[in-house]
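Presented below is the structure to which this report refers.
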Amino acid sequence: MTCRRITFVPNFMIRDARVLRAGFVPREVEHRDAEVNHLSSVLEPITNGEPADTAIVTGPSGTGKTCISQFVTERLREEVLNVEATYVNCWRNYTRFRTLYQILDDFGETIDIHRQSTPHDELIDRLQQYDGPRTVIILDEVDQLEDPGIIYDLHSLPHFAVICIANKEEDLFSRVDDRLVSRLRSSEHVRMDKYHDEQLHDILAARVKGGLDQDVITTNQLDRIADAAAGDARLAIGILRTAASKADRESRERITDDILLNAAEDARAQIKQKNLDSLIPHQRLVYDVVREHGPLGPSEIYDHYKRKVDDPRTKRTIRTYLSKMTQYNVLEAEGTSRDREYSLVDSTAPSVTQ
């Protein structure tokens with residue numbers, strides 16, 4: 001049996017679409033040398049067969065937390081034969097079982113695990129018995145875990161090093177017991193700030209060089225994308241991807257200003273929809289309360305939310321949900337902590353100006 005060669009319609013300006021995707025990890029990262037070196041030093045013991053400290057990587061959305069974590073672990077895998085890495089999105093795998101299952105699945109250890117009947121402790125036992133390469137476990141969006149105690153479980157296993165990624169330390173610490181708070185506070189912290197416009201320009205220029213034909217976008221246009229993204233690399237790359245995709249579909253030879261004008265709004269809408277689709281069930285209920293009745297304060301939101309469910313989460317958890325949705329521009333908050341109110345995000349966000 002012979003395989004037919006698959007041919008694709010050629011792009012007009014996109015040379016490598018992978019480079020424009022949000023999850024792409026480049027061979028070189030821009031303006032994060034200190035953070036890369038810090039995280040690498042935390043993980044170095046595992047390359048010598050020794051336990052490594054847990055690392056906590058924090059910063060606003062779009063500051064490169066996931067990218068840097070994956071970049072460092074990929075570099076480790078290239079340099080050391082007996083080190084592996086696995087990635088878990090805790091927003092998607094938000095229960096203790098799902099997270100443990102995902103890790104074991106990456107190890108090929110889930111053949112006889114039944115989602116409905118296998119107890120959690122058996123999954124931990126399997127991780128304790130795992131005798132494969134030492135492994136770095138990246139827990140992305142770790143503050144989304146329903147039971148953050150899993151961090152303690154993994155931390156106690158010397159075969160694994162753990163990277164915890166979250167927007168804010170306080171959102172993570174507020175939901176764990178004193179034992180784990182003490183452990184986390186003694187962990188190594190890698191903090192990432194929003195990018196400056198000049199740094200975003202360099203990140204965009206690197207993506208253009210790797211993914212697009214020459215001379216399809218100007219330096220001035222990259223500056224305007226950086227300005228519209230306001231320090232958020234994910235949004236900046238999203239604007240570039242949206243503009244390049246539209247120009248390519250229309251068989252343009254370059255990205256024109258008229259295409260760029262609408263790209264920011266389209267990219268924001270795509271990111272917002274992706275974030276909405278990622279909400280776990282109780283977060284979605286909280287969002288619906290704000291959509292139906294907002295603007296509302298946290299106590300009012302909680303009262304409405306409680307009427308919708310039989311097993312409501314705690315007030316503290318709902319406040320964490322509100323904080324998370326604000327960080328990801330699903331909701332917006334106005335006022336001080338005493339009189340704060342939440343509402344849907346205003347859709348009239350800045351565009352890429354001419």
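Glycine is no exception: its Cβ is also placed from the backbone N, Cα and C atoms.
Neighbour list (GLY64 (ATP binding site), Cβ cut-off 8 Å, at least 6 residues apart, same chain): VAL29, ARG32, GLU35, MET192, TYR195, ALA233. Under the heading ATP binding site, Swiss-Prot lists THR63, GLY64, LYS65, THR66, CYS67, TYR195, ARG207, citing similarity to another entry as support.
Listed in sequence order, VAL25, PRO26, VAL29 are the same-chain residues six or more apart from CYS67 (ATP binding site) with CB atoms under 8 A from its CB. Each of the binding-site residues THR63, THR66 was scored by other CB atoms within 10 A of its CB, and the lowest score goes to THR66. For LYS65 (ATP binding site), applying a Cβ distance below 8 Å and a minimum sequence separation of six or more within one chain yields VAL57, THR58, GLY59, ASP140, ILE165, MET192. If you draw a 10 Å sphere around the CB of ARG207 (ATP binding site), it holds 24 other CB atoms from the protein chains shown.
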